[in-house]
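Now, the feature entries from TrEMBL:
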DOMAIN    C:1-101  domain 'HPt'
MOD_RES   C:H44  phosphohistidine
REGION    C:322-349  region 'Disordered'
COMPBIAS  C:327-336  compositional bias 'Basic and acidic residues'
DOMAIN    C:397-600  domain 'Histidine kinase'
DOMAIN    C:602-736  domain 'CheW-like'
Amino acid sequence: MLVVDDAVTVRAFSRRVLEADGFVVDEAVNGIEGLERAMAAPPDLVIVDVNMRKMDGYTMLRVLRRDPSLRDVPAIMISTESKDSDREQALLAGANWYIVKPPRPEVLVEAARLLTGRPVDAEGAP
Amino acid sequence: MPIRYDDHLARFEAACTVEDALPLAEWLEATAAARIDLSACTELHTALLQLLMAARPTVVAGPEDAFLAGWVGPALGGAVPLSSR
Amino acid sequence: MSELFDQFVVEAQELLETAGAALLALERDPADRASVDELFRAFHTLKGSSALFDMAPFTRLVHAGEDTLSLLRDGRRGMTPELADRLFRALDQCARWVAALEETGALPADAAAAETLVRGLSGGSADGDAAAGAGQPDGQSDAFPWVATLTGDERGAVGEGALTVIDYTPDPECFFTGDDPLALFRRVPDLRLMRIEPTEPLPPLAQMDPYRCILRFRALSGAGVEAVTPAFRSVPDQVRIGSVTLAPVVPSPVAAPPDSLAAAMLEEQARILDLPGGTAERQSRRAAVARTVTAILTALGRPAERAAVETACADGGTLRRFLADGPADKPTDAEPRPAAPAPSPAPRRALRVEPERMDALMALVGELSVMKGQLGPLVRRAGDGELARDMKAFSARLDSLVGDLRHAALRLRLLPLARVFDPLPRLVRDTARRLDKTVELVLEGAETEADKDILDVLGEPLLHLVRNALDHGIEAPERRTASGKPPGGTLRVRGFQDKGGVVVEVSDDGAGIDPAAMRRVAVAKGLLAPDAAAALGDDDAVRLVFAPGFSTAGSVSDLSGRGVGMDAVRAAVERAGGRVEIASTPGSGTRVRLALPLTLSITRVVVVEAAGSLYGIPVTLVGGVQRVPRADIHGVKRAESIVLRDRVVPLVRLRRLLGQPDDERVQGERQRAADCVVLAELSDGPVAVAVDDVGERADVVLRPMTGVLRGLRGYAGTAVLGDGRLILVLDLRELL
């Protein structure tokens, strides 16, 4: 899966949590790099931050949804905002789920498992 | 004395105040496998609570006081958020 | 965790630097959108990243900053010097915290002080008192982001609808004032949830101060804000109370137990299908929803046909029905979907190397250079057989490799001058503000590279020079206007490479230094006899600022006074093998130039010969080399001088300095009519050093004098030339 966030700490956190659960994690620092990475190797799930320089998360998701090979990739948008309007905007841009920063590790893992079709109650992948 | 120390067991009785913090800290530090009995405790000062959260002694009997049972019991038994990650 | 934590520290340092620069730019030009955005983004990212760790005061402070900046960004608040001060203070506090985090892994115990900063940022905003104190306006769920992170169980426990949120971080010292934070919650009506969390990682019991409160409380109540607030009347500055509305959790009849994340996600997918949008947009959303729903059902052990799911994804209602009457409850052993292969790990931007390791590498490179140097004589001794030829070729290749290695190792240590320039804008801004002067700082050549050790040497003197220029150089606006100058002064700091070294110039367009005043002060302070002072040329008089114990300002200023004068600048630079020059024109400004070698460990020297031995003089000190006819040397035998570039320069003979007999033999053989002279630019003035011969310029690894040699004065150390010959590197200042 692909984690797109311009905060290195948040990226590293997500990577650590998800890798500990057996996911293979790729990273990108902004929307443009995220799209490049996604096109190079379509991920099973993208986790996108909202506020990034160069290209923000909304734009990245909109572009992603227009790409024939990527338009059905499940997407989680992650943001420090918890207002309903922010959530709505994320869904409009093409997100399938919305998580407020900082994500709790167990929530992040559960969401990732669900969106990639991995049993939620099973132990981490081998 | 609202806290009675009995070898490896501390019994919290009635209102336990900040005055008990230092003796409790010393006892917790000195006692291996400390156990606590909160059943008769009616008030637990924050200073004592944070010592218990840090030391994590075995709770042999939880508080019967409704407020403490509802909110403090879980804090002593459950996971400590964030910092334990 | 520690790796992640280290990453946070590095990221935070970078963000704080970015924010500082943006804030400076913004203060200069309040309409600078890019800087507002940059600043906002820095605070925003800091908020998000810091929230991953338990450092509530940090997160709260950057959150307050972010709030203020968003007002600024939306034009609901204007930039003022006072606001800039507050933001700078917030950045400073964060920087101190990050330093403490790096050092100790935890925030220091000054959270209470930071609360003042938080309030300083929140208060005085356009919507004024709203943010301060206990009365948070309604519906501010974004002020309590943790509410959105409630677990399913917690959501079930708190119920739905309008709730009151309480964020209470007691003052760490509150036990001393008789507070019992936990007890306050007994008075909260309809308490539905309380999280008791440490504000910092709980220390081991032995290190815990039992009288310092390190817990924070987050709670939800079903009662209204006005019913909850009285419980916290005694601690309005430590609590935030607001209201949120929690949406009901729509239970899904099938596929997942109510309250589960899966159920919430499935419901969200149904909602997504009903979102407005163009045909193409909705189509792609449907595709993503279908895949998402399929994945969730698979994860739950209830796989469904993708085609069937796609059909059901016509709209929200259809999907809900599909999910409700969906495939029967038949457990299947669903194979976990293999994760996509990762193309490559994300690139790491920078490599951090411990300084000790760098030093060890440099020492090894130095040793290797010396060893290589000794190969030359061996090869010469081997004669000119075939073996010797091969050895020579081998030696030449080794030479070039060692040279390359040394160069590469040297480059590793090179850092841009930006590192020492970076603090200057802030320093100038704060100092100018305090002095009520307007100063524009122009930085040039920040990309010039120099060795890390040199930068370390440069940092302090540079700060001092800049402070000095602001304090004594650039005049107050009225005085500038009176003398026909623009009211704002200009301070120029320029870095560049120069003959194997790095040069930093600090020049101002201020009052300059009056040589006459310098002479008077020198006499008054007893540094010079009146006739000696009168004999000083203007340049030399100005150079008196570098004399120990000299201070030009009538009063000792808070800024650059305190007894640390220009002599400290000079001493620091010269210790590192560099030199300081000053040029000043009364009325129009002063320029101070610091010239330093490129590195401390590798010194470029001019090799000179005296009495059959080789010596090195650091290139940074050498102003020129030339032959001077004997006839041009004036004076009696023990006090000679020459005129070089229209200056009378004292001439010293290296042989005499070293206690060697004069060069009679050579004179006799060659009938030498001229002396070889190296012009050494010392900060007291130039000195011509007569030597027997001048050889190559060479980069050498300077090794300090050890053993019995350590006591010798006048030598900076020994070095081995590329051909293996040993030279003594002179410390001319000490020798003269």
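Every residue, even glycine, has its Cβ placed from backbone N, Cα and C.
DSSP places the residues of the domain 'CheW-like' (C:602-736) in helix, strand and coil in these numbers: 26 helix, 76 strand, 33 coil. Taking Cβ-Cβ distances under 8 Å and a sequence gap of 6 or more within the same chain, the neighbours of C:H44 (phosphohistidine) are C:E66. The average pLDDT computed over the domain 'HPt' (C:1-101) stands at 85. In terms of DSSP secondary structure, the domain 'HPt' (C:1-101) contains 84 helix, 0 strand, 17 coil.
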